[in-house]
Every structure is written in C-alpha cells, then in structure tokens.
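Have a look at the structure below before the remarks.
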Amino acid sequence: MIAACLARLQSIDSPIIMVIGDLMLDIYVWGKVERVSPEAPVQVLKVEAEESRPGGAANVAGNLAAMGAKVMCCGVIGDDAEGRALSRLLAARTIDTSLIVRDKGRPTIVKTRMVAHSQQLLRVDKEQVLDLSEPLRKKMMASIEERLPLCDAVLLSDYGKGTIPDELVVELISACRRHGKMVLVDPAMKRDVRMYSGCTVLKPNRIEAAAASGIDIRDQTSLEKAAQKILKLSKAESLLITQGGRGITIFRKNRIPVHVPALERPVFDVTGAGDTVLSVLGYVLAGGGTIEEAAEIANIAGGIVVGKVGAAPVLKDEIEHELLAGEQVTQKVKTLSQIGAICEEHRRRNQKIAFTNGCFDLLHVGHIRLLEFAKSNGEILIVGLNSDDSVRRLKGPSRPVLNQSERATILSAIEQVDYIVIFDELTPLKLLKTVRPDTLIKGADYTKEAVVGGPYVESYGGSVLLAPLIEGVSSTSIMSRINRNK
C-alpha cells in the first residue's frame, strides 16, 4: 500500500478544487512567560511576535494550495479589516477569492491564540453565529453553480458558524451530483447529518460521529454501530471516522470496514489537523486515487501537522518523505494475498519456509532468541503478527503497549525476519493455511500438542519445533518491573 500511495501522490499534478465553508482568520501571538502577574494569579505573556494565518475553511484552501492544487475558495467574511487581511493571505497563496462574499452585517470570524514555549495559553474568539441572508445565499449558490463544471472536487468545511445554512448545503450537494462532481464534507457537530444526504465522503471525528448517531462510542463494536447509522442517515458513499492517535476507519455500505492505523509521534498542537485530513483526502481523490489511498496519505499528513504549532500547511514533499521512509521500513510487511504468492515463489526455488507468530509487544531478548532459532530452521522466516485488535482481545484493553505499526517496524529491523504478516484473528490458522510452512516454531512454554496449527502443518509433512526459553523473561514480567520501579 505504501508504494501505491507514493506512486499515486507523485502522479497528481494540479487538480482544481473548490473549498466552501466557514472562513476564519487565525492570529497567533507568540511570546515568553517568565513571571506571574501581581494583579491576579495569571501568567504574563511578553509578546515577541504576531502572525496571521488562514483558518477554518480558509486553512483547508491553504493546505490544498501548498500541495499544488488550483483552489477556489467560497465563503463569507465581514466588510472589515480582518476580512481584508484574510483575503490578502489567500490571494498571496494564489487562491481564487472571487467566490468570497462580504457581509456587512457580520464580523469576520477571528481566533486569536496566545502561545509561549510551543504551548497555547489562551484562545480568544471573535465571532457572531448569524444565519446567512437569503439574497447572499442565492448569490453564493449562483456563483458556485457557475464554476462547478471547472472543478475536479468540492470540499465543504462546515464549522457550524451560520455562513453555510442548511438550504445551501442541500443545494450544493444536489448541484455537485448533477454535474458529476465528488463532494467531501467535514460536518458541523450540531448539524443533522441528513443535511449532507448524497455526499461522496463524510468525514466526522469520533466525537462528531457519536453526536451524529446518538451512540456512545467506546469500542470497535459501538464505532461500527454508529457508522452504520450515520451511513443510513446521510446516504454518503463513504464514511471516514477520524480517531486521532487511533487512525482512520473507512465505512461503506455492505463493505467490511477498513482501518488505517496512525503512527505514534509527538503531538505539539492538534489545531487544524481535521482541516489537513480533509484537504489531503480531497487532493488525492481529485487526483484519481482510491478512498483507501486517500485515507492512508491523509493519515500521514495528519500525523505531520500535529507535530507543528498552530494551523500550518503540510507540503507534498513532507508526505512523500514520510512515505519513502515508511516504504523502506515496512517493505517486509505483506498482506495475506501477497504472502501466498511469495511463498509459492520460494517453494519453486526449493527454499525451506519457517513460520512463527506472536504479539511481539515490548520486544525482548527472549523474542530475539526465538527468531534466531526459527531462522536457523528455515531459509525464509515469516512472522505472523497479531494486530492491535487481536492483542486487545487476547490480553485485555491495556495492551498492546506498542501499536502494530511500531511492532512491525521493530521486527522489520531484525535481520533474521524476512516477511511479516499482520493478522486480525485470535489465532494464525488462516495465515498458516496460506503460508504452508515447512516448519512451525513456538516457544517451549507450549507443548507440541498445544501449538495452534500444529496438526495442520504435520498433516502435509511439515514439522513443529519448540524454541528454548530464557527463564523469567517475558513482556508481562518487563511491564511488572517497570510498574514496580515507578
């Protein structure tokens, strides 16, 4: 998948994308905090610099422009200095602002963030949530309809600030369908998802999905239940629920959910992360990518942006760099269908295949000895790795300590390991039937009779071996030692 995503991203030129939504001006006040005020128990921020950036739907437009898309931005600003400043910021990014409407009856939405030492201290919002007047709504829709034929995709960034009324949402999606244009929606928390009926992609976060469905999302079962309800209400072709550090899950009617796990990385600021994901989804889909490719690439972009301070764009080069790094690290990771073909090729070359499996959470010396023993009993070593969901079901909600991407990355760095296959089932039996190893290896804490898949491997002449154990070494014992030393 990583190679396919990299090829897809590199193939995209300059899609034309229309962004519609609540436009905001983000102001950042940077400084230092070195003392507490004598007037009240509050910190004193010594201002060193101020910066203005596009926010809300304007941030989505800015992200797209930074990736190389041709962007039309549509929304409402006030007839004020802040609105003019936002227009200048967008124009400086070569974004078409001709669809932006000025409303003398409302101020431009402004969010001012006070930041010291890369941490937000305070956010001050200047906004009035007012319904858009009928004349302005009609003016906006007429302009949108006129430019729709030029677009490859339309993105609706709905923050629920009143500038995108229900009527406009319904008219917009209907117009997109008439013109054969995909429309991606980042929904407002309080809007009935039926207003987005017929959209191509609906992208709520976990909290928004819970609010939209009325279901308290606590686990995978409740997540899937909420997703099915939202799909039924919204009639969206695809539903992507973003879950922060858990990644993104894709839901479609009558299709098995697809989960794209997030890579663990330092989080400095989640401001604008949802905007980044929406913009990259739109960019990849407008460029001809699949929904799976779009989610994978957007997930990486979201991980990059949370490592920055404030709503900042993610450059195409940054995503490509992450994909290249991931391709190098995870080239040993294969899917079930891929490993089947790979094993056939190795058998054709008369190479002996060894197989072992496990969670490999908190890799330790016992794991290394197991892998060394396994490789000594075969020319090719395939490791079956329990997925995060599989580990949770086996060991409880506090495990794994390291997610499946991290565990696969660590295993990839071990020279004895040739291939890794992540499996969701509680046992590797399905994977074993695809691999058909010559030798199945487990630790000597098992008996041969207790090894899952042992009878199957022996049925076609394969063997089951038990690797010697290192006494007292296990992931559980390591965790106990850590907890004792806290």
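Just so it is clear, glycine is given a Cβ too, placed from its N, Cα and C backbone atoms.
TrEMBL has this to say about the protein:
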| type | residues | note |
| --- | --- | --- |
| ACT_SITE | D275 | active site |
| BINDING | N205, R206, I207, E208 | ATP binding site |
| DOMAIN | 17-313 | domain 'Carbohydrate kinase PfkB' |
| DOMAIN | 355-450 | domain 'Cytidyltransferase-like' |
| REGION | 355-486 | region 'Cytidylyltransferase' |
- Pairwise CA distance, I207 (ATP binding site) versus the residue listed as 'active site', rounded so that it is a whole Å: 16
- Item | Integer Cα-Cα distance in angstrom, R206 (ATP binding site) to D275 (active site) | 15
- Between the Cα atoms of E208 (ATP binding site) and the residue listed as 'active site', find the distance and write it as a whole number of Å. 14
- Message: An 8 Å radius from the center of the N205, R206, I207, E208 Cβ atoms defines the neighbourhood of the ATP site; name the other residues of that chain inside it, in order.
- Response: P204, A209, A210, A211, I241, T242, Q243
- Please determine which of the recorded positions listed here (E208, D275) has the lowest count of neighbouring CB atoms within 10 Å. E208
- Task: Please report the number of other Cβ atoms within 10 Å of the Cβ of I207 (ATP binding site).
- Result: 13
- Whole-Å Cα distance, N205 (ATP binding site) to D275 (active site), is 11
- On the DSSP side of things, how many residues of the domain 'Cytidyltransferase-like' (355-450) fall into helix, strand and coil, could you say? 39 helix, 21 strand, 36 coil
- Item | Packing count at R206 (ATP binding site) (other Cβ atoms within 10 Å of its Cβ) | 16
- Item | Segment confidence, the domain 'Cytidyltransferase-like' (355-450), expressed as mean pLDDT | 92
